[in-house]
Amino acid sequence: MGTNGGRPTKLSLVPLPKGSVLLPGATLRIPVSNRPDLANLLSSLLDRTNAIRRDANSITFGCVPLCSPYLSKDGQHVIDNGTVDEDKKEEFESLEAGQARKEDLYRYGTLGKVIGVQRRAYSEPHLLVQGVQRLTVRRVLRERPFFEAECILHDEKETPLNDRETAELFQQLRQLSRELLTLLRYTSLIPNTGGPRLSPLIARKFELIITKSDLAQAGRLADVMADIAESGLEDKLRVLAAFDVKTRLERVVDILNKQNQIIRGSVKFTTISTDNIPPASVLDISQIDPRIRDLLSRRGIPGASGTPPPGLGGRNNEADEKESNELDELQQRLKDAQLSPEAQKVADKEMRRLRKMMPVNQEYGVIRTYLENLADIPWTKVTEDKLGPETLKAARKQLDDDHYGLEKIKKRLLEYLAVLRLKQSTNQGLEQQISILTKELDNSGGDIEKDIPSLPESDRAAIESKLNALTSKRTVDKSPILLLVGPPGTGKTSLARSVATALGRKFHRISLGGVRDEAEIRGHRRTYVAAMPGVIVNGLKKVGVANPVFLLDEIDKIGGPNFQGDPSAAMLEVLDPEQNHTFVDHYINIPIDLSKVLFIATANSLDTIPAPLLDRMETIQLSGYTTVEKRHIAKRHLLPKQIRANGLSDGQVVLSDDVIDKTTTSYTRESGVRNLERELGSICRYKAVQFADATDSAKLESYNPVVTVDDLEEILGIERFDEEIAEKHGRPGVVTGLVAYSTGGQGSILFIEVADMPGSGRVQLTGKLGDVLKESVEVALTWVKAHSFELGLTSDPNEDIMKNRSLHVHCPSGAIPKDGPSAGLAHTIGLISLFSGKAVPPKLAMTGEVSLRGRVMPVGGIKEKLIGALRAGVTTVLLPHQNRKDVKDVPEEVSNGLEIIYVKHIWEAIRHIWPDAHWPGQHHMDFVESRL
């Protein structure tokens, strides 16, 4: 049927497939299969048509889309406030065009003209329909066997040529249309983009439509572009309902904007553009298949080779303008960073290269990343050290609050602070004098207007000489490089953080454990793909200042020489105070000043640290915590921390010193306090359960916060380590020695038992003894055999005390390995006690190495041994005379609770052990020597 420009007309209607919309000027393929209504409609239309005019082009009917539940009743507005009925959603999802009812039809449609039938191989036939003009469905007359309705056909309204807003919308539509076509063409060249594609022939056809369209045809162009763009059903229905040209232009412009943004989001774009690409659209040519790109380049397509097209200059669109602004920002960042002269020279050179380079160039990203790294390095920015009269006092308090003991490291750090403060005071005085002399030198030329005469040349030279002398006296702060060596869990890492807090500086931790590649320290050279600076430069970038505190954790576990280089050798320059002011990272390749960085390294052992690296660091030994120190640490730090961590409050868990000591000695054996903290956590959790039960049962008064020693077995289980206790009665051949555990921090007593039996002089050693300990038994036996006559053990100087006798030396706790020379004195006294039949006092313990001449030589672990002796009930201790200095480190309560006797020779020890006994050779003590 024909059009009537607004008068009601009876039309046959075809419901379009779900999601399809036919716009005027567009073409739509309607599947014929499973559409009985369409077959009945075509049959009826053909019967009505005269035989002479019977062809496909004469068949017209109304094409009405299915209505979306997301549109308002008038079809003009999208419902996006969440009020859409769920039943309507489900009904729409399951709706098919062949079973549509009149309620399912949209209010507006398009008069369609059949232009042909299409059928491809192995596919169902389709009816090709072209949109002619818009229509409004006024009233449905019947639904079966096909729809018929009373409709109003609408002619295209004239575009207001003098409306400025409409003209601007039309220009925007043309620009966005060109952009969409260009993006579709280029995305067709890129594999696996998943986006819409457009053949060159069809794209060329649409380009001609865009070019030839003028303002009078704005509505027609809007319909064409709305059909091309991939948009939602609701958007296209709103375009169909837009009879006003201006409204239609606004809606189509929104659709094109969304479509272009979606394509840009799926493909990486750069500043490459061509004459056919509008300024807002750019594409990364490198994404196109190389063979296609080469073909495009040979055919002369601009921009396909990766270079900007002639006349564009690469700086004529929004992306380029944004890129230019970013480069200006980078230039400002480099300026604000106050680079060193050498770094500034390199940065200026690279920035000039960058500005001349297209972003598509592979070097562009490399250079830009390099410059960004240069800008991030703190070349001159430092944390101001606020060193005043209260600095040392505040730093000492900070260190004491965070850590108990560790006096050596605290002393060294306070020394560094004091030196830093004195240097700062000296420099301030020099700066004042330099300022005065500089001012005098500036005024030495005189002032004619003020009638000030100039200084003689000799006076000027004197001022310059004095100024140079003062300048040379400026002190430069070179931070020390400290190495904290000690067992695990002794607070080395946390101490470094506490140092940073005390100094008021930023802190950064670098874990060197397991580092095998030299490039991790010094960075990769820029020639490598994805090269970046090493951990030192990255640390500076992270803290943002040139004088932080760097913790080099586990430096003893850094890798040695391998095919990737030597990481430990790379640390030589970093940790050398004479070289690290010109440290060169392979990536930056410019000297960086590390002299202001306070390096604190930690290690568990010195054995694996290369000698050249160890020589560059100031080593501070940290021994394990003693039981007394662990008690203080537990009371001040660990217990309050665990109480809070387990949801309790202060006072809800109370542990006495005896409970803490029992937990330390019977449930842990370590140098640090990590396991002690775990055990205290178990106690707190046990009390937390009791407190929760009391609270839930409203019997809070029954809760007892005190933990006793008897409760520990129920809370922590059976004791894991047995503590040796001094015996009450002495017996010949049994001596109490002293031992310091290899884990560090703890000591105890060790019984040495010697027994004899008939035999051939053989000596049997048991108790899992090490080689050094076995040798000390041999030395002790040799000395006793050599001096048996002086000791009154034999009646004849030539008699062998071991004749017809064998010995067995045993150290209890046979499962625990034992080694070291410190039991030499105890072995000697044990042999003398056995052979003489005199018992050693049970409350007396001893330690010391013995030489063949009978000298008692110094040993280690004195502090731990004395604490263990006091805890075991020992009252008197024999120590080597040369260990007198080590007793100064012993806590006062320990030294006051023990009688410490220093001996130089075995004869001295014998005299103190058995003061009432008479030894035949005692008068020879000062000059007796070996008979060997």
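Cβ coordinates are placed from backbone N, Cα and C, and glycine is handled just like the others.
The active site annotation in Swiss-Prot covers Ser822, Lys865, and the record cites sequence analysis as its basis. What Swiss-Prot records for Gly486, Pro487, Pro488, Gly489, Thr490, Gly491, Lys492, Thr493 is ATP binding site, and it gives sequence analysis as the kind of evidence. Positions annotated as compositional bias 'Basic and acidic residues' by Swiss-Prot: 317-328. Residues annotated as domain 'Lon N-terminal' in Swiss-Prot: 11-260. Sequence annotations record features per position, and here Swiss-Prot assigns domain 'Lon proteolytic' to 729-916 based on sequence analysis. Feature annotation from Swiss-Prot assigns region 'Disordered' to 298-328.
Mapped onto this structure are the features recorded in Swiss-Prot.
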{"residue": "Gly486", "record": "ATP binding site", "DSSP (3 states)": "coil"}
{"residue": "Gly491", "record": "ATP binding site", "DSSP (3 states)": "coil"}
{"residue": "Ser822", "record": "active site", "DSSP (3 states)": "coil"}
{"residue": "Lys865", "record": "active site", "DSSP (3 states)": "helix"}
Averaged over the whole of the domain 'Lon proteolytic' (729-916), what is the pLDDT? 89
Around the Cβ of Gly491 (ATP binding site), other Cβ atoms found within 10 Å total 23
Starting from the Cβ centroid of Gly486, Pro487, Pro488, Gly489, Thr490, Gly491, Lys492, Thr493, which together make up the recorded ATP site, report each further residue of the same chain whose Cβ lies within 8 Å of that point, ordered by sequence. Leu484, Thr602, Asn604, Leu622, Ser671, Gly672
Let me make sure I understand the structure: which of the recorded positions listed (Lys492, Lys865) has the fewest other Cβ atoms within 10 A of its Cβ? Lys492
Far apart in sequence but close in space: which same-chain residues, 6 or more away, have a Cβ under 8 Å from Ser822 (active site)? Gly737, Leu738, Val739, Thr847, Gly848, Glu849, Val859, Gly860, Gly861
Whole-Å Cα distance, Gly486 (ATP binding site) to Lys865 (active site), is 18
If I take the Cα of Lys865 (active site) as reference, which of the binding-site residues Pro487, Gly489, Gly491, Lys492 has the closest Cα? Pro487
Looking at the binding-site residues Gly486, Pro487, Pro488, Gly489, which one has the fewest other Cβ atoms within 10 Å of its own Cβ? Pro488
Pick out which of the binding-site residues Thr490, Thr493 has the most other Cβ atoms within 10 Å of its own Cβ. Thr490
